[in-house]
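Notes follow the structure.
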Amino acid sequence: MGEINRRNFLKASMLGAAAAAVASASVVKGVVSPLVADAADIVAPITETSEFPYKVDAKYQRYNSLKNFFEKTFDPEENKTPIKFHYDDVSKITGKKDTGKDLPMLNAERLGIKGRPATHTETSILFHTQHLGAMLTQRHNETGWTGLDEALNAGAWAVEFDYSGFNAAGGGPGSAIPLYPINPMTNEIANEPVMVPGLYNWDNIDVESVRQQGQQWKFESKEEASKILKKATRLLGADLVGIAPYDERWTYSTWGRKIQKPCKMPNGRTKYLPWDLPKMLSGGGVEVFGHAKFEPDWEKYAGFKPKSVIVFVLEEDYEAIRTSPSVISSATVGKSYSNMAEVAYKIAVFLRKLGYYAAPCGNDTGISVPMAVQAGLGEAGRNGLLITQKFGPRHRIAKVYTDLELAPDKPRKFGVREFCRLCKKCADACPAQAISHEKDPKVLQPEDCEASENPYTEKWHVDSERCGSFWAYNGSPCSNCVAVCSWNKVETWNHDVARVATQIPLLQDAARKFDEWFGYSGPVNPDERLESGYVQNMVKDFWNNPESIKQ
């Protein structure tokens, strides 16, 4: 509990109890908020640490980016055997019905396959084909999955798909995108694309020009440089920003780029894709084209060795997320992915004009969550996501590597791990039952992991094969674990309630109930979210409310 005296403990206990007692009356929020903040600061003060806050075993090895759920999709070997969950039936662990175990068979049926489960590749390509709008979802007539909702989703993801090389899936180095040339004399657009660098562009040719002209900007100190970079990053579009030291542990052991081949589309244009879309749509099965693999050689591909990483967070829309698992919730995720590329590119240009090398990245190149933890932006939660103090897990992370030496931030602890031990709402809300129900995180061993997990770090198990299987069935990404999270809410005072509750025994059992008493989140049970009409009502509210609810 830390160094607190008896009087302060009693004060905090009474304040925490008072918060619980009045939790059904929203009129008192303004009164309770400062009291709860005081209690939280006494009982669960925010702390900083110089070391990485989670255990990393000596056996830890860097993660191969081609192992993650989405990149693994394009390995032809993954199309030879049925998708494999870590636990075939989790009901023996949770004591509840396993709502995810039948997904591989359901997805196979959607593809016209009889008598066997879908492969990993078939599962993921089913998702991608629906996500790109090339195939209707099975819910396309339902509120939240209509043509209107899908059109918004397409617009939100457009920059990520068209100008970022779909680095949301991972990969590196940088991004390559197909664009259609235009004849400036006739204004005719070609039907055959050419491959060019995307917004995650590692071309640092301008840096040497700045240096040769003696124009490299000199900062008075690492601290000043960090202050300036943070200010610039916020102006250029980030909602939160921190500085992490370059840590080789988080750089992927293998970089890779999906091999794209020309596919003739119904409109007559050629589109480069990493799978044969026309063949799939004509009933010919799923065929993928593999990867081009790269050694993680910074000097070869970016021209420098990183010293610092600028890590930033983009908030996702609260109203859109609470419609999960509808397509509207996917739209705010897509907007963030599109903005990640734009903001990272602008930060990289800023650094290059100052005479410093930069490599803008999304999910590619290295693991974002531990870098964000090192940058002081949040803690790692039960659902495997970064939990920030302001937005909870309702955000996306991007980063820019640079050779500019910056003063790093320190990891911060504000009660997330303690709360996640008690809450388990994200695990209960997962339609695929992909998130561990175990109380405590642990250093995962190989036998604890499914194929896309990296062992020997301290965390809760998350089965991406189950998660991705529901995405395929749903026809859209799912954000249930974000929507129900108590740290997701737009009013930060209930985050303080959560911090207090984890430290006071009498309140621990009610830790996950506080935001529910105020009507946040909606049903936790994934079936009830849909069957009760909650998701449909949230979609209607989203379209009927012209103003976004902001933090």
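Heads up, the Cβ atoms here are built off N, Cα and C, so glycines get one too.
Around Cys426 ([4Fe-4S] cluster 1 binding site), the C-beta neighbours below 8 angstroms that are at least 6 residues distant in the chain are Gly381, Arg382, Asn383, Ile435, Asn480, Cys481, Val482, Val484, Cys485. The secondary structure of Cys426 ([4Fe-4S] cluster 1 binding site), as reduced to three states from DSSP, is helical. Positions annotated as [4Fe-4S] cluster 1 binding site by Swiss-Prot, on the basis of similarity to another entry: Cys420, Cys423, Cys426, Cys485.
For Cys430, Cys467, Cys478, Cys481, the entry in Swiss-Prot reads [4Fe-4S] cluster 2 binding site, with the evidence type similarity to another entry. Sequence-distant neighbours of Cys478 ([4Fe-4S] cluster 2 binding site): residues of the same chain at least 6 apart with a C-beta under 8 Å from its C-beta are Ser324, Pro325, Ser329, Pro431, Cys467, Phe470, Trp471.
Per-residue pLDDT, averaged along the domain '4Fe-4S ferredoxin-type 1' (411-440), amounts to 94 for this model. Annotation source Swiss-Prot lists domain '4Fe-4S ferredoxin-type 1' at 411-440.
Taken from Swiss-Prot, the feature domain '4Fe-4S ferredoxin-type 2' applies to 478-496, supported by a curator's inference.
What Swiss-Prot records for 1-39 is signal peptide, and it gives experimental evidence as the kind of evidence.
A gap of 14 Å separates the Cα atoms of Cys423 ([4Fe-4S] cluster 1 binding site) and Cys430 ([4Fe-4S] cluster 2 binding site). Here the Cβ of Cys420 ([4Fe-4S] cluster 1 binding site) has 29 other Cβ atoms within 10 Å, regardless of which shown protein chain they belong to. Within 8 A of the CB centroid of the [4Fe-4S] cluster 1 site residues Cys420, Cys423, Cys426, Cys485, the other residues of that chain are Gly381, Arg382, Asn383, Ile387, Phe419, Lys424, Lys425, Ala427, Cys481, Val484, Ser486, Trp487, Arg512. Taking the binding-site residues Cys430, Cys481, Cys485 in turn and counting surrounding C-beta atoms within 10 angstroms, the largest count is reached at Cys485.
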